Amino acid sequence: MIEVQTTSQLQEQLQDAREQGKTIGFVPTMGALHGGHQSLVRACAQTCDLVVVSIYVNPLQFGPHEDYHEYPRQLEKDRVLAEEAGCDVLFCPTDEEIYPDGYTQTVHVKQGANVLCGKSRPGHFDGVATVVLKLFMLVQPDFAFFGEKDAQQVAIIKQLVKEFFLPVTIVACPTVREDDGLAKSSRNANLTPAERQVAPKLYAALRDAAKSPTSQLSDLVQQVRQHLAALPLGCIDYVEAYEYPSLKKVEQSDGIVILALAYQFSKARLIDHILIDMNNRNGGLNDVSDNDESKIASCTGD
């Protein structure tokens with residue numbers, strides 16, 4: 001594995017691969033890597049000749065009172081985990097490399113940006129779309145791999161690629177979970193031991209609601225809220241349901257629905273969701289445990 005910090009160093013590493021006709025795969029991250037990130041890198045390595053992983057904590061997607069400075073940074077450990085999973089080129093740029101002239105040009109996202117996480121985080125997805133577009137322009141990958149855990153982000157990035165005619169295939173891979181159902185997340189490190197015991201109940205609430213026979217999205221939301229209201233720690237940020245991937249608000253649906261939540265613990269805001277086929281109410285479409293990475297092979301690209 002080769003580590004680079006500057007865009008010129010990155011281009012030097014990519015030039016040979018392009019000249020040799022190799023397929024380039026890309027996994028953008030904010031670091032604090034875990035098993036979920038590694039599953040994306042492995043899926044990328046199975047598909048592509050050259051695997052590029054970026055580690056960059058993007059300040060533009062954090063609000064003024066959010067956890068930018070508290071976001072975990074562990075570059076030494078990240079290097080080991082990235083290489084172990086199959087990374088060939090690790091790109092760790094500075095703010096000056098990504099925003100050499102400051103925030104003079106940014107992407108403004110309209111569709112799907114003001115619901116779910118975007119409702120309480122104005123400008124968040126503008127920051128996400130801006131940095132992803134910049135990284136795509138730098139790496140120019142054939143494939144880019146994202147986790148379905150951030151389903152809203154995946155939907156927005158797919159639309160970004162479509163709107164800007166970017167020649168990259170977006171591959172969405174199932175959420176990787178701990179054995180108790182908690183979605184793997186860098187923010188889990190900020191949970192207290194007591195909060196860590198409570199956190200798996202978030203996904204349990206979503207799964208219970210997904211099996212409900214109701215066709216009303218508002219009923220699904222209410223069921224989840226009732227489960228969460230009984231938890232001894234933390235508080236609800238939101239529980240919402242939308243058509244997916246359009247993220248349009250509807251009362252009923254006979255297609256795919258995203259039932260999503262955000263929950264605030266003392267120093268960690270966790271998100272989770274489940275995708276529900278409203279014609280098949282036996283549970284969600286996006287379950288994968290940490291010891292079942294074979295399902296990663298079913299990642300789908302658009």
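Glycine is treated like the rest: Cβ placed from N, Cα and C.
A helical conformation is recorded for H37 (active site, proton donor) in the three-state DSSP classification. Neighbour list (H37 (active site, proton donor), Cβ cut-off 8 Å, at least 6 residues apart, same chain): V27, T29, L81, A82, A85, G147. Residues annotated as active site, proton donor in Swiss-Prot: H37.
Reduced to three states, the DSSP call for V176 (ATP binding site) is coil. Residues annotated as ATP binding site in Swiss-Prot: 30-37, 147-150, V176, 184-187.
The feature beta-alanine binding site is assigned by Swiss-Prot to Q61. Secondary structure at Q61 (beta-alanine binding site), as computed by DSSP, is helix. Same-chain residues at least 6 positions away in sequence with a Cβ under 8 Å from that of Q61 (beta-alanine binding site) are, in sequence order, G123, H124, F125, D126, G127, V128, V131.
Within 10 Å of the Cβ of Q153 ((R)-pantoate binding site) there are 24 other Cβ atoms, across all protein chains. Taken from Swiss-Prot, the feature (R)-pantoate binding site applies to Q61, Q153, supported by sequence analysis.
S186 (ATP binding site): 20 other CB atoms within 10 A of its CB, across all protein chains.
Long-range Cβ neighbours of G36 (ATP binding site) (same chain, at least 6 residues apart, Cβ-Cβ under 8 Å): G147, K149, T175, V176, A183, K184, S185.
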